[in-house]
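J.: Here you go, one structure.
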Amino acid sequence: MSLSNKLSVKDLDVAGKRVFIRVDFNVPLDGKTITNNQRIVAALPTIKYVEEHKPKYIVLASHLGRPNGERNDKYSLAPVATELEKLLGQKVTFLNDCVGPEVTKAVENAKDGEIFLLENLRYHIEEEGSSKDKDGKKVKADPEAVKKFRQELTSLADVYINDAFGTAHRAHSSMVGLEVPQRAAGFLMSKELEYFAKALENPERPFLAILGGAKVSDKIQLIDNLLDKVDMLIVGGGMAFTFKKILNKMPIGDSLFDEAGAKNVEHLVEKAKKNNVELILPVDFVTADKFDKDAKTSSATDAEGIPDNWMGLDCGPKSVELFQQAVAKAKTIVWNGPPGVFEFEKFANGTKSLLDAAVKSAENGNIVIIGGGDTATVAKKYGVVEKLSHVSTGGGASLELLEGKDLPGVVALSNKN
């Protein structure tokens with residue numbers, strides 16, 4: 001799956017055409033009030049660009065929450081239509097469904113350049129292909145119904161644009177099922193692909209990956225794939241304790257230990273050696289007597305280990321120095337997962353120091369990419385999103401890319417040629 005060879009919105013001629021844009025308007029709601037409109041704002045450049053190029057009409061489609069294949073007013077996109085009108089400064093016609101006669105009739109009578117927002121795609125089981133019954137058991141959608149649903153979505157479009165990177169790892173109907181000749185990436189999707197291509201297809205070296213997070217078992221595939229690509233790998237966060245216990249027989253007290261992941265540590269370290277990857281682990285820790293923002297704190301080195309009833313919640317000053325040295329050497333950096341419990345101020349120093357080093361690296365012209373999820377939250381919390389090369393909008397999608405998996409939503413896009 002090539003990331004750098006996908007058709008982009010700028011390669012399209014949309015004049016007089018019916019344009020379908022899959023956006024990510026999965027915004028947090030409090031009742032009918034949108035509490036954060038960032039995802040809507042992020043989609044504006046693509047919508048405005050298409051609108052400026054005189055399409056017949058634009059149809060916007062998204063999911064919101066998990067309505068589980070049935071209509072549920074709690075997950076209606078109606079409030080999004082109102083917000084979008086404000087942001088665009090023009091009328092947005094909200095349709096009460098995403099397929100069916102009402103939708104067909106509305107688009108057939110569209111005024112030139114009209115913008116429609118469809119109701120939540122996930123009101124139909126055919127979007128995700130399955131739902132859960134009241135006992136939590138998976139119920140599969142009828143394949144014929146899925147086919148019909150996809151045909152109905154396709155009938156609204158001459159051109160398809162996908163700007164929902166956060167859902168790109170899901171083979172949902174609106175992501176892979178529109179059979180039109182040109183399927184292009186919107187500006188958000190294009191930026192994601194461009195930066196991940198810079199890291200995964202043709203990185204400037206030295207290439208450093210920074211991994212944090214709790215469980216080794218969640219990140220085995222990620223570490224395994226990155227060991228074929230990087231020159232240096234920092235393993236921090238909770239999963240460092242599993243590595244330290246297995247490799248150095250270090251006492252870790254009540255720190256996180258991942259029984260399942262532990263079985264893979266030696267194989268991963270062997271692979272790092274074989275591939276000449278410098279593996280960098282923390283050598284000292286900020287410890288706590290409990291998992292709490294008001295915990296008593298102490299410090300421990302890896303030579304002493306962490307005493308019983310204490311746990312490591314951040315890396316210590318010597319580790320910070322090691323990590324900063326690696327960052328200073330690197331020309332390409334991918335960071336997924338914080339090195340400490342940054343949510344508690346007492347254990348945020350490791351994360352803040354690493355973030356400062358990453359910002360400095362980006363300011364020096366290096367490529368610094370933050371995978372979505374917790375690390376993106378860190379970048380937002382400390383107000384440095386604009387200072388880094390790229391902060392991904394898709395936690396799960398960016399993780400699967402870094403694991404070396406193909407993303408169905410990207411595979412479905414047309415290639416440039």
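Glycine residues also receive a Cβ, built from the backbone N, Cα and C atoms like all the rest.
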J.: Going by Swiss-Prot, A214, K215, K219, G238, E343 bind AMP; tell me which of G177, G305, G312, G373 is listed for that site too.
T.: G312
J.: Of the residues G213, G253, G261, G365, only one is listed by Swiss-Prot in the ADP site with G237, F342. Which is it?
T.: G213
J.: Suppose we draw a 10 Å sphere around the Cβ of K219 (AMP binding site). How many other Cβ atoms does it contain, all chains included?
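T.: The answer is 26.
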J.: So which one is it: of the binding-site residues G65, G213, G237, G238, G337, which has the fewest other Cβ atoms within 10 Å?
T.: G65
J.: What does the structure give for the C-alpha distance between T375 (ATP binding site) and G337 (CDP binding site)? Integer Å is fine.
T.: 5
J.: Let me know how many other Cβ atoms fall within 10 Å of the Cβ of G312 (AMP binding site).
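T.: Neighbour count, Cβ to Cβ under the 10 Å cut-off: 31.
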J.: So, three-state DSSP: helix, strand or coil for Q38 ((2R)-3-phosphoglycerate binding site)?
T.: helix
